[in-house]
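J.: If you scroll down you'll find the structure; I have some questions about it.
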Amino acid sequence: MIIGIGSDLIDITRIAKVIERHGERFLDRVFTEAERAKAERRAKKSELVAATYAKRFAAKEACSKALGTGIRQGVWWRDMGVVNLPGGRPTMVLTGGAKTRLDALTPPGMTARIDLSITDEWPLAQAFVVISAVQAAAEQAGATSS
């Protein structure tokens with residue numbers, strides 16, 4: 001059962017300019033430590049760093065739309081983090097207000113599954129999020145919130 005769907009498209013150069021202008025203040029406010037570590041491993045090429053951050057920014061926007069809140073109502077940027085499953089597939093881990101909102105949307109006896117697709121083609125980055133409620137046994141096969 002689909003709980004929510006969200007998508008976002010962003011100009012990578014916009015994120016690059018914000019990083020240039022606001023630096024650590026922006027990065028600390030929006031991204032988790034794991035997201036920052038992943039982006040900084042690509043530091044040899046600044047456009048790769050900007051694209052990595054832009055995809056994660058778009059994923060957070062898409063996830064907040066799938067939650068039905070946007071970035072408000074107790075859902076904040078760092079409450080949503082992009083992580084990769086062992087096979088490399090991206091998903092979201094929710095904490096704080098985002099997790100509270102997800103729990104409220106998930107029917108009793110079911111588990112939330114978050115499917116995420118992220119991509120970029122300079123100068124654009126895109127993310128698409130589908131949040132589904134699945135039976136507990138199906139949780140083993142996919143990504144879930146933690």
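The backbone N, Cα and C atoms fix where each Cβ goes, glycine too.
Quick paste of what Swiss-Prot says about this protein:
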BINDING   ASP8, GLU61  Mg(2+) binding site
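Surface or core, plus neighbours and distances: that's what I need for these features.
T.: Long-range Cβ proximity for GLU61 (Mg(2+) binding site), meaning a same-chain Cβ under 8 A and a gap of 6 or more residues, is found for GLY6, ASP8, ILE10, ILE71, ALA127.
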J.: According to DSSP, which of helix, strand or coil covers ASP8 (Mg(2+) binding site)?
T.: strand
